[in-house]
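**Student:** Can you read through this structure? Questions will come right after.
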Amino acid sequence: MWETPGVYHRQDGEKIAEHVRKTSASPKISIVTHDSSHHHHNHVAAPEEVDSGEQSSAVSARPIGRSSADWFAAAPPERATENWSSSSGPAQPAPPRNQPFRKETMASALQKRQFAIVALFFQVIFIILFALFGKYDANALPGGDESTAYVNKNYPLFQDIHVMMFVGFGFLMTFLRRYGFSAVSLNLVLTAFVIEWSMIMRGFLSHDFHEHGKFSIDLTSLMTADFGAAAVLISMGAMLGKLSPVQYLLMAFIETTIGHIAEHVIVEILHVNDVGGSIVVHTFGAYFGLSVARAMHKKSVIEHENEGSVYHSDIFSMIGTVFLWCFWPSFNAAIAKPEDARFRAIINTYLSMAACTLTAFIVSSIVDKTGRFNMIHVQNSTLAGGVAIGTTANVVLEPYHAMLVGCVAAVVSVVGYQYITPRLAVKLGIHDTCGVHDLHGMPGVLAGLLGAFFAMVYDPTVYGASIHDIYPQFEGGVHGGIRDRGSQALYQLAGLGLALLASIIGGLITGLFLRLPIWNQVKETELYADGDYFETSPDYDFSTRIVTRIDHIELTESSALTNRHHEH
(Lines of atoms letter the chains of each structure in order from A and count residues from 1; the text may use other names and numbers.)
(Lines give C-alpha, C1' and ligand atoms only; values in the text may rest on other atoms or scores of the structure.)
Protein backbone atom coordinates (compact mmCIF):
# COMPACT_ATOMS: atom_id res chain seq x y z
CA MET A 1 0.00 0.00 0.00
CA TRP A 2 1.34 3.43 -0.87
CA GLU A 3 0.06 7.00 -0.84
CA THR A 4 1.09 10.05 -2.83
CA PRO A 5 -0.17 13.31 -1.29
CA GLY A 6 0.02 16.54 -3.30
CA VAL A 7 -1.93 18.92 -5.49
CA TYR A 8 -2.75 17.60 -8.93
CA HIS A 9 -4.13 19.16 -12.11
CA ARG A 10 -6.56 17.58 -14.52
CA GLN A 11 -3.81 16.07 -16.63
CA ASP A 12 -2.45 14.45 -13.47
CA GLY A 13 -5.80 12.79 -13.01
CA GLU A 14 -5.47 11.23 -16.41
CA LYS A 15 -2.00 9.93 -15.54
CA ILE A 16 -3.40 8.37 -12.37
CA ALA A 17 -6.28 6.83 -14.27
CA GLU A 18 -3.86 5.41 -16.84
CA HIS A 19 -1.91 3.82 -13.99
CA VAL A 20 -5.18 2.44 -12.63
CA ARG A 21 -6.06 0.74 -15.91
CA LYS A 22 -2.66 -0.94 -16.08
CA THR A 23 -2.81 -2.50 -12.61
CA SER A 24 -4.38 -5.86 -11.90
CA ALA A 25 -5.61 -4.75 -8.50
CA SER A 26 -8.52 -2.52 -7.54
CA PRO A 27 -7.01 0.85 -6.60
CA LYS A 28 -8.95 3.69 -5.11
CA ILE A 29 -8.19 7.37 -5.65
CA SER A 30 -9.39 10.09 -3.34
CA ILE A 31 -8.94 13.84 -3.09
CA VAL A 32 -9.13 15.65 0.21
CA THR A 33 -10.50 19.18 -0.11
CA HIS A 34 -11.34 21.81 2.43
CA ASP A 35 -13.48 24.86 2.99
CA SER A 36 -13.52 27.49 5.72
CA SER A 37 -14.87 25.19 8.38
CA HIS A 38 -14.75 21.52 7.31
CA HIS A 39 -12.54 18.99 5.56
CA HIS A 40 -14.20 16.81 2.96
CA HIS A 41 -12.89 13.47 1.78
CA ASN A 42 -14.19 12.58 -1.67
CA HIS A 43 -14.04 8.92 -2.62
CA VAL A 44 -13.63 8.02 -6.29
CA ALA A 45 -14.72 4.55 -7.14
CA ALA A 46 -12.45 1.71 -8.08
CA PRO A 47 -12.40 0.65 -11.73
CA GLU A 48 -15.03 -2.04 -11.32
CA GLU A 49 -17.39 0.59 -9.91
CA VAL A 50 -16.97 2.91 -12.89
CA ASP A 51 -18.14 2.49 -16.44
CA SER A 52 -15.20 1.78 -18.74
CA GLY A 53 -15.89 4.90 -20.75
CA GLU A 54 -15.36 7.04 -17.65
CA GLN A 55 -12.09 5.56 -16.42
CA SER A 56 -9.83 7.98 -18.23
CA SER A 57 -10.37 10.73 -15.66
CA ALA A 58 -11.43 9.24 -12.37
CA VAL A 59 -10.50 12.30 -10.34
CA SER A 60 -12.80 14.83 -8.73
CA ALA A 61 -12.40 18.15 -6.98
CA ARG A 62 -14.64 20.92 -5.69
CA PRO A 63 -14.64 24.48 -7.08
CA ILE A 64 -13.80 27.18 -4.57
CA GLY A 65 -16.73 28.78 -2.82
CA ARG A 66 -19.15 25.99 -3.76
CA SER A 67 -21.09 23.69 -1.49
CA SER A 68 -19.46 20.39 -0.64
CA ALA A 69 -21.96 18.61 -2.88
CA ASP A 70 -20.95 20.50 -6.05
CA TRP A 71 -18.13 18.28 -7.15
CA PHE A 72 -16.12 18.70 -10.32
CA ALA A 73 -15.76 15.50 -12.31
CA ALA A 74 -13.39 15.42 -15.26
CA ALA A 75 -14.72 13.35 -18.15
CA PRO A 76 -13.01 12.29 -21.37
CA PRO A 77 -12.09 15.21 -23.64
CA GLU A 78 -14.79 14.48 -26.18
CA ARG A 79 -17.49 14.30 -23.52
CA ALA A 80 -16.36 16.92 -20.97
CA THR A 81 -19.41 18.04 -19.01
CA GLU A 82 -18.06 19.65 -15.85
CA ASN A 83 -20.67 21.66 -14.04
CA TRP A 84 -19.77 25.07 -12.61
CA SER A 85 -22.10 26.75 -10.15
CA SER A 86 -21.91 30.26 -8.73
CA SER A 87 -23.76 32.50 -6.38
CA SER A 88 -25.14 34.47 -9.32
CA GLY A 89 -26.84 31.65 -11.18
CA PRO A 90 -27.34 27.93 -11.84
CA ALA A 91 -24.67 25.52 -12.90
CA GLN A 92 -23.33 25.95 -16.42
CA PRO A 93 -21.71 23.32 -18.65
CA ALA A 94 -17.97 23.69 -18.94
CA PRO A 95 -16.28 24.39 -22.29
CA PRO A 96 -14.75 21.64 -24.40
CA ARG A 97 -11.35 20.44 -23.26
CA ASN A 98 -8.36 22.64 -24.22
CA GLN A 99 -10.55 25.69 -24.79
CA PRO A 100 -10.64 28.70 -22.43
CA PHE A 101 -13.56 29.07 -20.06
CA ARG A 102 -15.65 31.63 -21.95
CA LYS A 103 -17.11 34.59 -20.09
CA GLU A 104 -20.23 36.43 -21.11
CA THR A 105 -19.53 39.03 -23.78
CA MET A 106 -19.88 42.76 -23.25
CA ALA A 107 -22.98 44.62 -24.38
CA SER A 108 -21.68 46.25 -27.54
CA ALA A 109 -18.81 46.36 -29.98
CA LEU A 110 -17.88 49.80 -28.65
CA GLN A 111 -17.50 48.44 -25.15
CA LYS A 112 -15.46 45.51 -26.40
CA ARG A 113 -13.03 47.84 -28.17
CA GLN A 114 -13.15 50.67 -25.63
CA PHE A 115 -9.59 50.21 -24.42
CA ALA A 116 -8.22 50.04 -27.97
CA ILE A 117 -10.13 53.18 -29.00
CA VAL A 118 -9.05 55.24 -25.98
CA ALA A 119 -5.44 54.01 -26.09
CA LEU A 120 -5.20 54.69 -29.85
CA PHE A 121 -6.55 58.21 -29.32
CA PHE A 122 -3.89 58.96 -26.70
CA GLN A 123 -1.10 57.39 -28.76
CA VAL A 124 -1.92 59.54 -31.80
CA ILE A 125 -2.05 62.68 -29.63
CA PHE A 126 1.29 61.84 -27.99
CA ILE A 127 3.01 61.30 -31.33
CA ILE A 128 1.69 64.63 -32.61
CA LEU A 129 2.87 66.45 -29.47
CA PHE A 130 6.34 64.88 -29.71
CA ALA A 131 6.50 65.87 -33.39
CA LEU A 132 5.55 69.47 -32.67
CA PHE A 133 7.41 70.17 -29.43
CA GLY A 134 9.98 67.45 -28.69
CA LYS A 135 13.66 67.42 -29.59
CA TYR A 136 16.72 65.45 -28.54
CA ASP A 137 19.30 66.97 -26.26
CA ALA A 138 22.25 68.47 -28.17
CA ASN A 139 24.57 65.76 -26.86
CA ALA A 140 22.35 63.10 -28.43
CA LEU A 141 22.69 64.64 -31.90
CA PRO A 142 25.58 64.58 -34.38
CA GLY A 143 28.27 66.99 -33.27
CA GLY A 144 27.42 66.63 -29.59
CA ASP A 145 29.83 66.10 -26.74
CA GLU A 146 32.17 63.20 -27.51
CA SER A 147 32.74 62.40 -23.83
CA THR A 148 31.28 59.11 -22.60
CA ALA A 149 31.18 60.28 -19.00
CA TYR A 150 27.57 61.49 -19.09
CA VAL A 151 26.08 58.29 -20.49
CA ASN A 152 28.33 55.99 -18.49
CA LYS A 153 27.46 57.78 -15.26
CA ASN A 154 23.71 58.13 -15.68
CA TYR A 155 22.60 55.23 -17.83
CA PRO A 156 23.26 52.54 -15.18
CA LEU A 157 21.10 54.46 -12.70
CA PHE A 158 18.38 54.88 -15.31
CA GLN A 159 18.46 51.18 -16.12
CA ASP A 160 18.14 50.28 -12.44
CA ILE A 161 15.06 52.48 -12.12
CA HIS A 162 13.65 51.04 -15.34
CA VAL A 163 13.95 47.50 -13.97
CA MET A 164 12.18 48.62 -10.79
CA MET A 165 9.19 49.83 -12.81
CA PHE A 166 8.75 46.83 -15.09
CA VAL A 167 9.99 43.92 -12.97
CA GLY A 168 9.86 45.21 -9.40
CA PHE A 169 6.41 46.76 -9.33
CA GLY A 170 5.02 44.26 -11.85
CA PHE A 171 5.91 41.12 -9.93
CA LEU A 172 5.24 42.66 -6.53
CA MET A 173 1.55 42.75 -7.52
CA THR A 174 1.33 39.12 -8.66
CA PHE A 175 0.26 37.89 -5.22
CA LEU A 176 -3.41 37.67 -6.26
CA ARG A 177 -3.87 34.09 -7.41
CA ARG A 178 -6.25 34.92 -10.31
CA TYR A 179 -4.72 38.25 -11.38
CA GLY A 180 -1.20 37.37 -12.49
CA PHE A 181 -1.62 38.26 -16.17
CA SER A 182 -3.14 41.63 -15.28
CA ALA A 183 -0.58 42.48 -12.61
CA VAL A 184 2.42 42.14 -14.92
CA SER A 185 0.82 43.08 -18.24
CA LEU A 186 -1.15 46.14 -17.15
CA ASN A 187 1.89 47.27 -15.18
CA LEU A 188 3.81 47.09 -18.47
CA VAL A 189 1.30 49.03 -20.57
CA LEU A 190 0.63 51.69 -17.90
CA THR A 191 4.35 52.31 -17.45
CA ALA A 192 4.81 52.72 -21.21
CA PHE A 193 1.79 55.04 -21.37
CA VAL A 194 2.95 57.22 -18.48
CA ILE A 195 6.52 57.42 -19.80
CA GLU A 196 5.22 59.15 -22.92
CA TRP A 197 2.77 61.46 -21.17
CA SER A 198 5.20 62.25 -18.35
CA MET A 199 7.91 63.37 -20.77
CA ILE A 200 5.40 65.64 -22.49
CA MET A 201 4.08 67.11 -19.23
CA ARG A 202 7.54 67.74 -17.81
CA GLY A 203 8.55 69.20 -21.14
CA PHE A 204 5.68 71.69 -21.15
CA LEU A 205 6.66 72.78 -17.63
CA SER A 206 10.37 73.06 -18.42
CA HIS A 207 12.49 76.16 -18.84
CA ASP A 208 13.48 75.10 -22.37
CA PHE A 209 9.87 75.03 -23.52
CA HIS A 210 9.12 78.49 -22.15
CA GLU A 211 12.30 79.88 -23.71
CA HIS A 212 12.36 78.13 -27.07
CA GLY A 213 8.93 76.52 -27.56
CA LYS A 214 10.40 72.99 -27.51
CA PHE A 215 11.50 70.62 -24.77
CA SER A 216 14.68 68.54 -24.76
CA ILE A 217 14.91 64.80 -24.14
CA ASP A 218 17.98 63.50 -22.32
CA LEU A 219 18.80 60.76 -19.81
CA THR A 220 17.38 62.81 -16.94
CA SER A 221 14.11 63.00 -18.87
CA LEU A 222 14.03 59.21 -19.09
CA MET A 223 14.66 58.79 -15.35
CA THR A 224 12.06 61.35 -14.29
CA ALA A 225 9.54 59.77 -16.68
CA ASP A 226 9.98 56.55 -14.73
CA PHE A 227 9.38 58.52 -11.52
CA GLY A 228 6.03 59.60 -12.95
CA ALA A 229 5.22 55.99 -13.77
CA ALA A 230 6.06 54.95 -10.19
CA ALA A 231 3.35 57.24 -8.77
CA VAL A 232 0.75 55.71 -11.09
CA LEU A 233 1.83 52.14 -10.30
CA ILE A 234 1.49 52.90 -6.58
CA SER A 235 -2.08 54.07 -7.19
CA MET A 236 -2.65 50.97 -9.30
CA GLY A 237 -1.70 48.93 -6.24
CA ALA A 238 -4.50 50.50 -4.21
CA MET A 239 -7.01 49.69 -6.98
CA LEU A 240 -5.52 46.36 -8.07
CA GLY A 241 -8.19 44.01 -9.38
CA LYS A 242 -10.99 46.58 -9.19
CA LEU A 243 -10.59 48.55 -12.43
CA SER A 244 -10.93 47.64 -16.08
CA PRO A 245 -7.96 48.31 -18.39
CA VAL A 246 -9.52 51.48 -19.78
CA GLN A 247 -10.17 52.77 -16.26
CA TYR A 248 -6.51 52.19 -15.35
CA LEU A 249 -5.50 54.13 -18.46
CA LEU A 250 -7.76 57.07 -17.68
CA MET A 251 -6.61 57.13 -14.06
CA ALA A 252 -2.99 57.18 -15.23
CA PHE A 253 -3.62 60.11 -17.56
CA ILE A 254 -5.40 62.23 -14.95
CA GLU A 255 -3.00 61.36 -12.14
CA THR A 256 0.09 62.12 -14.23
CA THR A 257 -1.36 65.50 -15.19
CA ILE A 258 -2.23 66.52 -11.62
CA GLY A 259 0.90 64.96 -10.15
CA HIS A 260 3.30 66.78 -12.45
CA ILE A 261 1.66 70.14 -11.82
CA ALA A 262 1.81 69.52 -8.07
CA GLU A 263 5.44 68.40 -8.32
CA HIS A 264 6.36 71.50 -10.31
CA VAL A 265 4.90 73.73 -7.61
CA ILE A 266 6.51 71.77 -4.77
CA VAL A 267 10.01 71.37 -6.24
CA GLU A 268 10.44 74.29 -8.64
CA ILE A 269 8.43 77.03 -6.89
CA LEU A 270 8.53 76.10 -3.21
CA HIS A 271 12.03 74.62 -3.64
CA VAL A 272 11.35 71.65 -1.39
CA ASN A 273 14.10 69.04 -1.21
CA ASP A 274 12.66 65.66 -2.20
CA VAL A 275 15.52 63.90 -3.95
CA GLY A 276 14.02 60.38 -3.72
CA GLY A 277 10.47 61.43 -4.50
CA SER A 278 8.99 60.29 -1.21
CA ILE A 279 6.65 63.31 -1.21
CA VAL A 280 5.86 63.82 -4.90
CA VAL A 281 5.92 60.12 -5.90
CA HIS A 282 5.19 57.84 -2.93
CA THR A 283 2.93 60.05 -0.82
CA PHE A 284 1.11 61.50 -3.81
CA GLY A 285 0.65 58.13 -5.52
CA ALA A 286 -0.54 56.38 -2.37
CA TYR A 287 -3.16 58.92 -1.32
CA PHE A 288 -4.32 59.48 -4.88
CA GLY A 289 -5.00 55.75 -5.18
CA LEU A 290 -6.65 55.56 -1.77
CA SER A 291 -8.92 58.47 -2.68
CA VAL A 292 -9.93 56.75 -5.92
CA ALA A 293 -10.66 53.64 -3.84
CA ARG A 294 -12.89 55.65 -1.52
CA ALA A 295 -14.80 57.29 -4.35
CA MET A 296 -15.39 53.94 -6.08
CA HIS A 297 -15.98 51.85 -2.98
CA LYS A 298 -18.43 48.94 -3.06
CA LYS A 299 -19.01 46.44 -0.29
CA SER A 300 -18.44 43.59 -2.73
CA VAL A 301 -14.70 44.36 -3.00
CA ILE A 302 -14.12 43.41 0.64
CA GLU A 303 -13.35 39.74 1.36
CA HIS A 304 -14.13 38.73 -2.21
CA GLU A 305 -13.50 35.06 -2.96
CA ASN A 306 -10.89 35.95 -5.61
CA GLU A 307 -8.92 38.24 -3.32
CA GLY A 308 -6.22 36.01 -1.99
CA SER A 309 -2.90 34.38 -2.73
CA VAL A 310 -1.57 30.88 -3.11
CA TYR A 311 1.90 29.61 -2.33
CA HIS A 312 3.37 30.14 -5.78
CA SER A 313 1.80 33.59 -6.27
CA ASP A 314 3.45 34.81 -3.06
CA ILE A 315 6.78 33.51 -4.36
CA PHE A 316 6.31 35.44 -7.62
CA SER A 317 5.56 38.53 -5.56
CA MET A 318 8.86 38.08 -3.74
CA ILE A 319 10.65 38.43 -7.08
CA GLY A 320 9.33 41.98 -7.24
CA THR A 321 10.37 42.64 -3.66
CA VAL A 322 13.95 41.51 -4.26
CA PHE A 323 14.34 43.58 -7.44
CA LEU A 324 12.97 46.69 -5.75
CA TRP A 325 15.20 46.13 -2.72
CA CYS A 326 18.35 45.78 -4.81
CA PHE A 327 17.79 48.82 -7.01
CA TRP A 328 16.17 51.28 -4.58
CA PRO A 329 19.46 53.12 -3.85
CA SER A 330 19.57 54.10 -7.54
CA PHE A 331 16.02 55.43 -7.35
CA ASN A 332 16.87 57.72 -4.42
CA ALA A 333 20.25 58.83 -5.81
CA ALA A 334 19.53 59.26 -9.52
CA ILE A 335 18.96 63.03 -9.61
CA ALA A 336 21.01 64.00 -6.56
CA LYS A 337 23.64 66.75 -7.00
CA PRO A 338 26.55 67.18 -6.49
CA GLU A 339 28.42 63.87 -6.46
CA ASP A 340 28.92 63.80 -2.69
CA ALA A 341 25.16 64.12 -2.24
CA ARG A 342 24.56 61.27 -4.70
CA PHE A 343 27.10 59.12 -2.85
CA ARG A 344 25.35 59.86 0.46
CA ALA A 345 21.97 59.02 -1.02
CA ILE A 346 23.18 55.58 -2.08
CA ILE A 347 24.72 54.79 1.31
CA ASN A 348 21.80 56.14 3.33
CA THR A 349 19.26 54.19 1.32
CA TYR A 350 21.31 51.01 1.61
CA LEU A 351 21.62 51.29 5.39
CA SER A 352 18.02 52.35 5.91
CA MET A 353 16.69 49.38 3.96
CA ALA A 354 18.98 46.91 5.70
CA ALA A 355 17.84 48.10 9.13
CA CYS A 356 14.24 48.20 7.92
CA THR A 357 14.35 44.60 6.73
CA LEU A 358 15.67 43.22 9.98
CA THR A 359 13.20 45.27 12.01
CA ALA A 360 10.28 44.23 9.78
CA PHE A 361 11.00 40.56 10.47
CA ILE A 362 11.25 41.28 14.20
CA VAL A 363 7.97 43.19 14.38
CA SER A 364 6.19 40.70 12.09
CA SER A 365 7.09 37.92 14.50
CA ILE A 366 6.00 40.00 17.51
CA VAL A 367 2.53 40.88 16.18
CA ASP A 368 1.78 37.26 15.25
CA LYS A 369 0.28 35.23 18.08
CA THR A 370 2.49 32.23 17.33
CA GLY A 371 5.62 34.19 16.44
CA ARG A 372 5.53 33.38 12.72
CA PHE A 373 6.44 35.68 9.81
CA ASN A 374 3.70 37.13 7.59
CA MET A 375 4.56 37.17 3.89
CA ILE A 376 2.66 40.44 3.46
CA HIS A 377 5.17 42.07 5.79
CA VAL A 378 8.10 40.33 4.12
CA GLN A 379 7.01 41.39 0.64
CA ASN A 380 6.22 45.00 1.50
CA SER A 381 7.37 46.28 4.88
CA THR A 382 10.98 45.35 4.14
CA LEU A 383 10.92 48.10 1.47
CA ALA A 384 9.53 50.87 3.65
CA GLY A 385 13.00 52.07 4.63
CA GLY A 386 13.67 53.11 1.03
CA VAL A 387 10.56 55.28 1.06
CA ALA A 388 11.17 56.83 4.48
CA ILE A 389 14.74 57.90 3.70
CA GLY A 390 13.90 59.16 0.19
CA THR A 391 13.31 62.83 0.92
CA THR A 392 16.48 63.21 2.98
CA ALA A 393 18.73 60.63 1.34
CA ASN A 394 21.06 63.44 0.22
CA VAL A 395 20.85 65.23 3.59
CA VAL A 396 21.56 62.65 6.31
CA LEU A 397 25.20 62.77 7.45
CA GLU A 398 25.32 60.00 10.06
CA PRO A 399 24.92 56.27 9.27
CA TYR A 400 23.01 55.56 12.47
CA HIS A 401 20.48 58.24 11.54
CA ALA A 402 19.73 56.38 8.31
CA MET A 403 19.40 53.11 10.23
CA LEU A 404 17.01 54.64 12.76
CA VAL A 405 14.86 55.94 9.91
CA GLY A 406 14.67 52.41 8.49
CA CYS A 407 13.73 50.93 11.87
CA VAL A 408 10.91 53.43 12.42
CA ALA A 409 9.63 52.87 8.88
CA ALA A 410 9.47 49.11 9.44
CA VAL A 411 7.46 49.48 12.64
CA VAL A 412 5.05 51.92 11.01
CA SER A 413 4.59 49.67 7.97
CA VAL A 414 4.04 46.38 9.82
CA VAL A 415 1.64 47.97 12.30
CA GLY A 416 -0.21 49.51 9.37
CA TYR A 417 -0.62 46.20 7.56
CA GLN A 418 -1.60 44.37 10.72
CA TYR A 419 -4.04 46.80 12.29
CA ILE A 420 -4.75 49.94 10.23
CA THR A 421 -5.49 48.73 6.69
CA PRO A 422 -8.25 46.27 7.73
CA ARG A 423 -9.98 49.05 9.66
CA LEU A 424 -9.71 51.50 6.77
CA ALA A 425 -11.71 49.09 4.60
CA VAL A 426 -14.39 48.36 7.19
CA LYS A 427 -14.72 51.70 8.93
CA LEU A 428 -13.97 54.23 6.17
CA GLY A 429 -14.72 52.28 3.00
CA ILE A 430 -11.13 52.56 1.74
CA HIS A 431 -10.19 49.16 0.40
CA ASP A 432 -6.45 49.02 -0.32
CA THR A 433 -5.63 45.85 -2.29
CA CYS A 434 -1.84 46.02 -2.01
CA GLY A 435 -1.60 48.00 1.20
CA VAL A 436 0.03 51.03 -0.45
CA HIS A 437 -0.92 53.09 2.59
CA ASP A 438 1.52 51.03 4.65
CA LEU A 439 4.37 50.79 2.15
CA HIS A 440 4.17 54.18 0.42
CA GLY A 441 1.64 56.37 2.24
CA MET A 442 2.64 56.43 5.88
CA PRO A 443 6.38 55.97 5.19
CA GLY A 444 6.07 58.79 2.63
CA VAL A 445 4.50 61.09 5.21
CA LEU A 446 7.24 60.05 7.64
CA ALA A 447 9.81 61.04 4.98
CA GLY A 448 8.16 64.45 4.59
CA LEU A 449 8.25 65.05 8.33
CA LEU A 450 11.88 63.94 8.48
CA GLY A 451 12.64 66.41 5.70
CA ALA A 452 11.59 69.23 8.01
CA PHE A 453 13.30 67.63 11.02
CA PHE A 454 16.72 67.19 9.41
CA ALA A 455 16.57 70.67 7.84
CA MET A 456 16.36 71.96 11.41
CA VAL A 457 18.88 69.59 13.01
CA TYR A 458 21.90 69.72 10.72
CA ASP A 459 24.19 72.73 10.63
CA PRO A 460 24.07 74.05 7.04
CA THR A 461 27.71 75.09 7.12
CA VAL A 462 28.72 71.42 7.24
CA TYR A 463 27.52 70.96 3.66
CA GLY A 464 29.67 73.76 2.26
CA ALA A 465 28.73 74.94 -1.21
CA SER A 466 26.52 71.89 -1.84
CA ILE A 467 23.89 73.28 0.56
CA HIS A 468 22.54 75.34 -2.37
CA ASP A 469 22.17 72.22 -4.52
CA ILE A 470 20.11 70.64 -1.76
CA TYR A 471 18.18 73.77 -0.72
CA PRO A 472 18.40 76.24 -3.66
CA GLN A 473 16.78 79.11 -1.76
CA PHE A 474 19.05 78.90 1.27
CA GLU A 475 20.70 82.18 2.16
CA GLY A 476 23.97 83.07 0.47
CA GLY A 477 23.33 81.21 -2.77
CA VAL A 478 23.36 82.33 -6.40
CA HIS A 479 19.56 82.45 -6.44
CA GLY A 480 19.49 85.17 -3.83
CA GLY A 481 17.50 83.12 -1.34
CA ILE A 482 16.97 84.24 2.23
CA ARG A 483 15.93 81.00 3.94
CA ASP A 484 17.44 79.66 7.10
CA ARG A 485 16.95 76.28 8.77
CA GLY A 486 13.60 77.17 10.31
CA SER A 487 12.01 78.62 7.19
CA GLN A 488 13.26 75.74 5.02
CA ALA A 489 11.68 73.29 7.46
CA LEU A 490 8.35 75.11 7.10
CA TYR A 491 8.61 74.91 3.31
CA GLN A 492 9.27 71.18 3.60
CA LEU A 493 6.05 70.79 5.59
CA ALA A 494 4.19 72.97 3.10
CA GLY A 495 5.32 70.72 0.26
CA LEU A 496 4.07 67.64 2.11
CA GLY A 497 0.72 69.30 2.80
CA LEU A 498 0.30 70.33 -0.83
CA ALA A 499 1.05 66.81 -2.04
CA LEU A 500 -1.57 65.38 0.33
CA LEU A 501 -4.15 67.97 -0.66
CA ALA A 502 -3.63 67.57 -4.40
CA SER A 503 -3.63 63.78 -4.24
CA ILE A 504 -6.76 63.46 -2.12
CA ILE A 505 -8.84 65.98 -4.07
CA GLY A 506 -7.54 64.73 -7.42
CA GLY A 507 -8.15 61.11 -6.46
CA LEU A 508 -11.71 61.70 -5.33
CA ILE A 509 -12.57 63.53 -8.56
CA THR A 510 -10.91 60.82 -10.63
CA GLY A 511 -12.79 58.09 -8.80
CA LEU A 512 -16.13 59.77 -9.44
CA PHE A 513 -15.19 60.15 -13.11
CA LEU A 514 -14.27 56.48 -13.42
CA ARG A 515 -17.61 55.46 -11.91
CA LEU A 516 -19.46 56.89 -14.92
CA PRO A 517 -21.33 54.09 -16.73
CA ILE A 518 -19.78 55.01 -20.09
CA TRP A 519 -16.56 53.28 -18.97
CA ASN A 520 -16.19 49.52 -18.79
CA GLN A 521 -16.62 48.34 -15.21
CA VAL A 522 -15.35 45.12 -13.69
CA LYS A 523 -18.20 42.71 -12.93
CA GLU A 524 -18.46 41.77 -9.27
CA THR A 525 -17.92 38.09 -10.08
CA GLU A 526 -14.68 38.96 -11.91
CA LEU A 527 -13.04 41.22 -9.35
CA TYR A 528 -9.36 40.37 -8.85
CA ALA A 529 -9.46 38.04 -11.87
CA ASP A 530 -8.02 37.99 -15.39
CA GLY A 531 -10.88 36.20 -17.12
CA ASP A 532 -12.77 39.10 -18.70
CA TYR A 533 -9.81 40.93 -20.17
CA PHE A 534 -7.20 38.29 -21.03
CA GLU A 535 -7.19 35.16 -23.16
CA THR A 536 -6.48 32.58 -20.50
CA SER A 537 -5.24 29.01 -20.74
CA PRO A 538 -7.61 26.03 -20.46
CA ASP A 539 -6.59 25.32 -16.87
CA TYR A 540 -7.14 28.91 -15.67
CA ASP A 541 -10.29 28.25 -13.64
CA PHE A 542 -9.14 24.87 -12.44
CA SER A 543 -5.66 25.90 -11.33
CA THR A 544 -6.66 29.22 -9.75
CA ARG A 545 -10.05 28.34 -8.33
CA ILE A 546 -10.27 24.61 -7.61
CA VAL A 547 -6.72 23.62 -6.74
CA THR A 548 -6.70 26.19 -3.95
CA ARG A 549 -9.28 24.02 -2.18
CA ILE A 550 -7.38 20.72 -2.46
CA ASP A 551 -5.37 19.66 0.55
CA HIS A 552 -3.89 16.53 -1.02
CA ILE A 553 -4.60 13.51 -3.16
CA GLU A 554 -4.28 10.02 -1.80
CA LEU A 555 -3.63 7.15 -4.21
CA THR A 556 -4.05 3.77 -2.55
CA GLU A 557 -3.10 0.60 -4.45
CA SER A 558 -3.83 -2.90 -3.17
CA SER A 559 -2.51 -6.12 -4.62
CA ALA A 560 -2.59 -9.79 -3.72
CA LEU A 561 0.95 -9.54 -2.38
CA THR A 562 0.21 -6.62 -0.06
CA ASN A 563 -3.01 -8.26 1.09
CA ARG A 564 -1.12 -11.43 2.09
CA HIS A 565 1.46 -9.26 3.86
CA HIS A 566 -1.23 -7.59 5.95
CA GLU A 567 -2.86 -10.93 6.74
CA HIS A 568 0.39 -12.12 8.30
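Placed from the backbone N, Cα and C atoms, the Cβ positions cover glycine too.
Where the annotation comes from TrEMBL, it is an automatic prediction and has not been curated.
Pulled from TrEMBL, these are the listed features:
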type     : residues : note
REGION   : 34-65    : region 'Disordered'
REGION   : 79-100   : region 'Disordered'
TRANSMEM : 115-136  : transmembrane segment
DOMAIN   : 126-523  : domain 'Ammonium transporter AmtB-like'
TRANSMEM : 156-176  : transmembrane segment
TRANSMEM : 183-200  : transmembrane segment
TRANSMEM : 315-335  : transmembrane segment
TRANSMEM : 347-367  : transmembrane segment
TRANSMEM : 400-420  : transmembrane segment
TRANSMEM : 441-458  : transmembrane segment
TRANSMEM : 489-514  : transmembrane segment
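So that I understand the layout, could you describe where these features sit and how close they are to other parts?
**Tutor:** Residues 183-184, 187-188, 191, 219, 222-223, 226-227, 229-230, 233, 236-237, 240-241, 306-309, 313-314, 316-317, 319-321, 323-324, 327-328, 330-331, 333-334, 379-380, 433-434, 528 of the same chain lie 6 or more positions beyond the ends of the transmembrane segment (156-176) yet place their CB under 8 Å from a CB of it.
Using a Cβ-Cβ cut-off under 8 Å and counting only residues 6 or more beyond its ends in the same chain, the transmembrane segment (400-420) has close neighbours at 347-349, 351-360, 362-364, 367, 374, 376-377, 380-382, 384-385, 387-389, 392, 435, 437-439, 442-443, 446, 450, 454.
Away from its own ends, the transmembrane segment (441-458) comes close to residues 272-274, 276, 278-279, 282-283, 286-287, 290, 384-385, 387-392, 395-397, 401, 405, 408-409, 412-413, 416, 471, 485-486, 488-490, 492-493, 495-496, 499-500 of its chain (Cβ-Cβ under 8 Å, at least six residues beyond either end).
Same-chain neighbours of the transmembrane segment (489-514): 235, 243, 247, 250-251, 254-255, 258-259, 261-262, 265-267, 270-274, 279-280, 283-296, 391, 445, 448-449, 451-453, 455-456, 473, 483, counting only residues six or more beyond its ends whose CB sits under 8 Å from a CB of the stretch.
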**Student:** Residue list, the transmembrane segment (183-200) vs rest of chain: Cβ under 8 Å, 6 or more residues beyond ends.
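**Tutor:** Sequence-distant neighbours of the transmembrane segment (183-200): 119, 122-123, 126, 129-130, 133-134, 165-166, 169-171, 173-174, 176, 215, 217, 221-222, 224-229, 232-233, 236, 240, 245, 248-249, 252-253, 256-257, 260, 534.
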**Student:** Which bits of the chain, at least 6 residues beyond where the transmembrane segment (315-335) starts or stops, bring a Cβ under 8 A of a Cβ in it?
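**Tutor:** Answer is 154, 156-158, 160-161, 163-164, 167-175, 180, 220, 223-224, 230, 275-277, 309, 342-343, 345-346, 348-350, 353, 357, 375, 378-380, 382-383, 386, 389-390, 393-394.
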**Student:** Let me spell it out: take the transmembrane segment (115-136), skip the flanking residues so only those 6+ beyond its ends count, and list any with a Cβ under 8 Å from a Cβ in it.
**Tutor:** 189, 193, 196-197, 199-200, 203-204, 209, 213-218, 244-246, 249-250, 253, 520
**Student:** Give me the mean pLDDT over the domain 'Ammonium transporter AmtB-like' (126-523), rounded to a whole number.
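**Tutor:** When the pLDDT values over the domain 'Ammonium transporter AmtB-like' (126-523) are averaged, the result is 95.
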